[in-house]
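Below is one structure, written out as C-alpha cells; comments come after it.
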Amino acid sequence: MNKNKISIVILAAGKGSRMKSSKAKVLHPICGKEMLYYIIKTSRAISDDVSVVVAHQRDAVVESMSRYFNDINFVTQDAINFPGTGGAMKGVNIKNERVLVLNGDMPLVEKSSLDGFLEAQGDVVMSIFNLQNPSGYGRVIIEDAEVKKIVEQKDATLQELKVQSVNAGIYAFSKKIIEKYIPLLQNNNAQEEYYLTDIISMARNDGIKITPLLVNENEYKGVNSKKDLSDAEIIMQDKIKNSLMESGVTMQLPSTIYIEEGVVFEGECIVENGCRITGESKIINSHIKAHSVIEDSIVKNSDVGPLAHLRPASNIEDTHIGNFVEIKKSTLKGVKAGHLSYIGDATVDEGTNIGAGVITCNYDGINKYKTVIGKNVFIGSDSQLIAPVVIEDNVMIAAGTTLRSGKVNSGELVVSASKSRIIKDFYYKFFAKK
C-alpha cells in the first residue's frame, strides 16, 4: 500500500486525570511499551507523515517516543489558548491530501482496521461502533449510508435512544476540510474548549456527506483508567502470544505466561507455565522451564529453570541453568549451573561446572567488579568468588572455598576450608549442662 496517501495526527496532549497518576496517560506501559508506542507503530505502517500532538508532560513524551522512532513530527499544543481536540489540530502541518486523526490512548488498533479509512470514500469519514448497552453515549443516526446527526443521550428521543451506534472518536478528513473548518472552530461551550467533533456538524450543515465507518469496539476503546489499562494488557498479551505460537513457539498454559512486546523468538522454543520474559530478550532454540524470569537477555541453545532468573544483559549459549540460579550481566557459553547460584558481572567459558551455592561476590558496597572463569573449571558447592577474580582454564575450586581477589593459574586446585574436627561424645556432654 502506498504510504504517501494519508497523513496521520495522533492526539496525545491530555492529562488523563482518570488514571489517577502523576505520569502522563499515554506513557503508561502495556506489555513493556508505553501505550502511545503502539498507535505510532501502527500508524507508521500506513503513512510516511505521522504527527503527535503533545502538551501535558511534553518533554517526557517526546523523549520516550524518540527512543523508538526518529521520523515522527511532534507538535506542541497551545493548551492555554486553544484547549481541546480541535485546538490540538491548529498547529499541525498536513503533508498529504487526506488526514486520519487518532487518539494516543488506543494501543489495540490494528493496521488492517486503519486500512478501512484509506478505502472509505468522502471528505469526512467518521468511525462508529455498535454497543449492546450504549447508555451514556451520544447516538449516531445513520440514514442511507450517511451520518445524519449526532445526538447526545439527554437530547435523544425515545426512538433515537434505541440506536446502538455511537461515535468511536476517530476521523478521516480531506486536507481541504481541515483547512476550511479548523480556523472556524469556536469554544463557546461549558468547557471552553475547541472540539474536533464540531467539524462534523459544520460540514453536515454545509451539505457535505459524513461517511460512517464501522470499527471494532475492542480495538478502538480508549484506555482511560487503571482498569482499562489492565484490560488492554490482557488483550495485548493474547495478541503477542498467539502470534508467537502461530510462528512455532510452544507454550504450556499460555494464560499463565507473560511476554513483552520487544521479545524475539527464533527456531524451536518451549516456554512452560508461569514464565515472565521481558524487555528486548531473544530466545533461540531454547527451553524455558516453569516460573522462570528472563529480562533483557539472550538465550541460545540452552535450557533455563525451573525457577531461574536471568537479569538484564545476560547472554547464555549452549548452557544449562537450573532451579534457583540467578544470572546478571554475565556471559556463559557451554556452562552447567544446576542450582542455587548467583553469577553476576562474570564471563564463564565452556566446559565449566558451577556447583550448588556458588556466589560471585561482585560488589564491595561502592563498586562492581568482574569475575572471569576459563574453560573446564570445576567450582565446588558453597564457594564464594570475591571479585575481581581471574580463573584460568582447567582449574578446580574445592567445595566451601572463599577465593579472594586475584588470579588462579591453569591446572591449580584452590582449597580454603580447614580440615573438619570430630569431637567424640560432645553432643551428650553439651546438653548435659543444660
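Every residue gets a Cβ built from N, Cα and C, even glycine.
In the three-state DSSP scheme, His339 (active site, proton acceptor) falls into the strand class. In sequence order, Gly322, Asn323, Phe324, Val325, Ala356 constitute the residues six or more apart from His339 (active site, proton acceptor) in its chain with CB-CB distances below 8 Å. The active site, proton acceptor feature in Swiss-Prot is assigned to His339; the stated evidence is sequence analysis.
According to Swiss-Prot, the feature UDP-N-acetyl-alpha-D-glucosamine binding site maps to 11-14, Lys25, Gln77, 84-85, Gly138, Glu152, Asn167, Asn224, Arg311, Lys328, Tyr342, Asn353. For Ala13 (UDP-N-acetyl-alpha-D-glucosamine binding site), the count of additional Cβ atoms within 10 Å of its Cβ stands at 25 [all protein chains shown].
The feature Mg(2+) binding site is assigned by Swiss-Prot to Asp105, Asn224. Applying an 8 A CB threshold to same-chain residues 6+ apart, the list for Asp105 (Mg(2+) binding site) reads Ala12, Gly16, Lys25, Val26, Met35, Gly222, Val223, Asn224.
According to Swiss-Prot, the acetyl-CoA binding site annotation covers Ala356, Asn362, Tyr363, Ser381, Ala399, on the basis of sequence analysis. Counting Cβ atoms from all protein chains shown, Asn362 (acetyl-CoA binding site) has 23 others lying within 10 Å of its own Cβ. According to DSSP, Asn362 (acetyl-CoA binding site) sits in a coil region rather than a helix or strand.
Per Swiss-Prot, region 'Pyrophosphorylase' is recorded for 1-226, and the stated evidence type is sequence analysis.
Tertiary proximity for the region 'Linker' (227-247) is limited to same-chain residues at least six positions away from its ends with a CB under 8 Å from its CB atoms, namely 19, 28, 30-31, 35, 38, 107-108, 218, 221, 254, 257-261, 263, 265. The region 'Linker' annotation in Swiss-Prot covers 227-247.
For 248-434, the entry in Swiss-Prot reads region 'N-acetyltransferase'.
Between the CA atoms of Ser381 (acetyl-CoA binding site) and Gly84 (UDP-N-acetyl-alpha-D-glucosamine binding site) there is a gap of 65 Å, rounded to the nearest whole number. When secondary structure is read from DSSP and collapsed to three states, Leu11 (UDP-N-acetyl-alpha-D-glucosamine binding site) falls in the strand class.
Each of the binding-site residues Tyr342, Tyr363 was ranked by the number of other C-beta atoms within 10 Å, and first place falls to Tyr342.
Residues Ala356, Asn362, Tyr363, Ser381, Ala399, recorded as binding acetyl-CoA, reach a greatest CA to CA spacing of 22 Å. Every protein chain shown contributes to the tally, and the Cβ of Ser381 (acetyl-CoA binding site) ends up with 18 other Cβ atoms within 10 Å. For Ala13 (UDP-N-acetyl-alpha-D-glucosamine binding site) paired with Asn362 (acetyl-CoA binding site), the C-alpha to C-alpha distance reads 45 Å. When the neighbouring Cβ atoms lying within 10 Å are counted for each of the binding-site residues (Gly84, Gly138), the highest count belongs to Gly84.
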